[in-house]
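Single-structure report; data block below.
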Amino acid sequence: MALPTIAIVGRPNVGKSTLFNRIAGERISIVEDVEGVTRDRIYATADWLNRKFSIIDTGGIDDVDAPFMEQIKHQAEIAMDEADVIVFVVSGKEGITDADEYVARMLYKTHKPIILAVNKVDNPEMRNEIFDFYALGLGDPFPVSSVHGIGTGDVLDAIVENLPNEEVAENPDMIKFSLIGRPNVGKSSLINAILGEERVIASPVAGTTRDAIDTVFTDSEGQEFTMIDTAGMRKSGKVYENTEKYSVMRAMRAIDRSDVVLMVLNAEEGIREYDKRIAGFAHEAGKGIVIVVNKWDTLEKDNHTMKDWEADIRDQFQYLSYAPIIFVSALTKQRLHKLPDMIKQISQSQNTRIPSAVLNDVIMDAIAINPTPTDKGKRLKIFYATQVATKPPTFVIFVNEEELMHFSYLRFLENQIRKAFVFEGTPIHLIARKRK
């Protein structure tokens, strides 16, 4: 069972994301003084008075025909449906607007606890203005200045008072994974296809998913996953909007939070130079990796198409030789059912521990096949090896002189270890260290 859920809703530019970030304690939602900059539901976990809960930020709702508005309304309705408590944010500076009344009518139908937060009450003189908001018929208004942190404690007190009694601890066996890739490779459509729900705004306009969005789901075997959809990354020279700049930073954070990363390629466009750069971020972070070629249904194929693609990927992503490749279609759901098992297998590989005795047998067998190198008449001696970490599996090899361990021989030892043990989808690190 998930944690209790709080949805933050309201019209555009009333400070929902600022309040969300104040409660979450970090800058998760993109906040700018531009209407409509938060378009999707954004999730975070918060706690207050020893109660832990999830909070959802939503795009601004308005009764107008603005771009994306129907999708934003639909997303907000899903968020309200998921929520145990709803925080309705209005602006004390502007008073009640037609859009506020439109949102209030939506909230009447939910029959859920509503906390009315009157934001932008930045000084004591403005407190008298909040009484007008009783006219919305949603109970006592709470004066708040989310920018300055004034009144947020009262809102949190009210949230906790209305939470359901059950509180469930997080699952320590949860596997976290993210989808990374350039804009418009189909990451959001993949999420929607996997979940069977319009979880994020999926649009053919590149870059329509701006934030990293967490979604929890369980497979048929009871394994829980947290899926993080990241904003598409773009070359620095092509990032013009501040929001895009924030999104690249957030994508890096999403990779950092992940156990496994799905590197999504677009079959229609082929492999781009920047795809390799993006994948390099995950590789350097030591994450498990699956290379996902999306939009496979759009290609005209023959008996060699898949093999040709695999060969090209192996050539272009030489540093990802350990990463499995899967060809999928978010539209037709082709092969998507295989992804959870692949992610689980990679997670197991990341957490594999090899007993030192078994590891050293493999190392000695490797030396018998290919003796250690020499340099200026001095031979590399390997005394023993031991595993020192997981996620990724990391091994220290104790030697007589670190300088004698050539990169090529270290790669040879890595290949022998991979042959002996299952490390599919995860990098492994080998470190040569002089024995003292």
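Cβ from N, Cα, C; glycine included.
From a predicted model like this one, the values you see are computed outputs, not experimental measurements.
Annotation source Swiss-Prot lists GTP 1 binding site at 10-17, 57-61, 119-122, citing sequence analysis. Every protein chain considered, the tally of other Cβ atoms within 10 Å of the Cβ of LYS16 (GTP 1 binding site) stands at 29.
The GTP 2 binding site annotation in Swiss-Prot covers 181-188, 229-233, 294-297 and is backed by sequence analysis. In this structure, GLY181 (GTP 2 binding site) belongs to neither helix nor strand by DSSP; it is coil.
Here Swiss-Prot flags 4-167 as domain 'EngA-type G 1'.
If you look up Swiss-Prot, you'll see 175-351 marked as domain 'EngA-type G 2'. Per-residue pLDDT, averaged along the domain 'EngA-type G 2' (175-351), amounts to 80 for this model.
The domain 'KH-like' feature in Swiss-Prot is assigned to 352-436.
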Alpha-carbon spacing, GLY181 (GTP 2 binding site) to GLY10 (GTP 1 binding site), which is rounded to whole Å: 31
The domain 'KH-like' (352-436): DSSP-derived helix, strand, coil residue counts: 31 helix, 24 strand, 30 coil
DSSP three-state assignment for TRP296 (GTP 2 binding site): helix
Residues that sit under 8 angstroms from GLY10 (GTP 1 binding site) by C-beta distance, when 6+ apart in the chain: LYS16, GLY60, ILE61, PHE88, VAL89, VAL90, ASP100, VAL103
LYS187 (GTP 2 binding site) and THR58 (GTP 1 binding site), Cα-Cα, nearest whole angstrom: 20
Of ASN184, LYS187, TRP296, i.e. the binding-site residues, those within 10 Å of ASN13 (GTP 1 binding site) when Cα atoms are compared: none
Least Cβ-crowded entry, counting other Cβ within 10 Å, from the binding-site residues listed as THR58, ASN184: ASN184
